[in-house]
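Over in TrEMBL, the protein carries these features:
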type: DOMAIN; residues: 21-103; note: domain 'Cryptochrome/DNA photolyase FAD-binding'
type: BINDING; residues: Asp39, Ala40, Asp41; note: FAD binding site
Amino acid sequence: MNHNSIHWFRKGLRHHDNPGDLWISWEEGQKVFEELLLDADWSLNAGNWQWLSASAFFHQFFRVYSPVAFGKKTDKNGEYIKKYLPFLKKFPAECIYEPWKAPR
């Protein structure tokens, strides 16, 4: 996985938390990133969270990311997910972003 992939995963996580699925305040996400990121920068972190939560700097509401399509585009086999969630290592790659479609 290259350096650019990390950027996309951060962006995907930010989107998943607020305008995407969970509707968590961007401020909560900012706190978590500030605590856990090794390369955290307060101003960049705050600005990016506001941008991707559509709280500021965002005027194209039709360009909202789909968590399913985003994952399939950036990590088709779900390597990143499987690395950090080892219990999903044997999960079918084609279902990693749509677990409801997995065989029982």
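Even glycines carry a Cβ here, placed using N, Cα and C.
Because TrEMBL annotations are produced automatically, they should be read as predictions rather than curated entries.
On the structure: features taken from TrEMBL.
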{"residue": "Asp39", "record": "FAD binding site", "contacts (Cβ under 8 Å, 6+ apart)": "none"}
{"residue": "Ala40", "record": "FAD binding site", "contacts (Cβ under 8 Å, 6+ apart)": "Phe33, Glu34"}
{"residue": "Asp41", "record": "FAD binding site", "contacts (Cβ under 8 Å, 6+ apart)": "none"}
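Applying DSSP to the domain 'Cryptochrome/DNA photolyase FAD-binding' (21-103) sorts its residues as follows: 48 helix, 0 strand, 35 coil. Per-residue pLDDT, averaged along the domain 'Cryptochrome/DNA photolyase FAD-binding' (21-103), amounts to 82 for this model. Surrounding the centroid of the Cβ atoms of Asp39, Ala40, Asp41, where the record places FAD, the chain contributes additional residues within 8 Å, namely Leu37, Leu38, Trp42, Leu44, Asn45.
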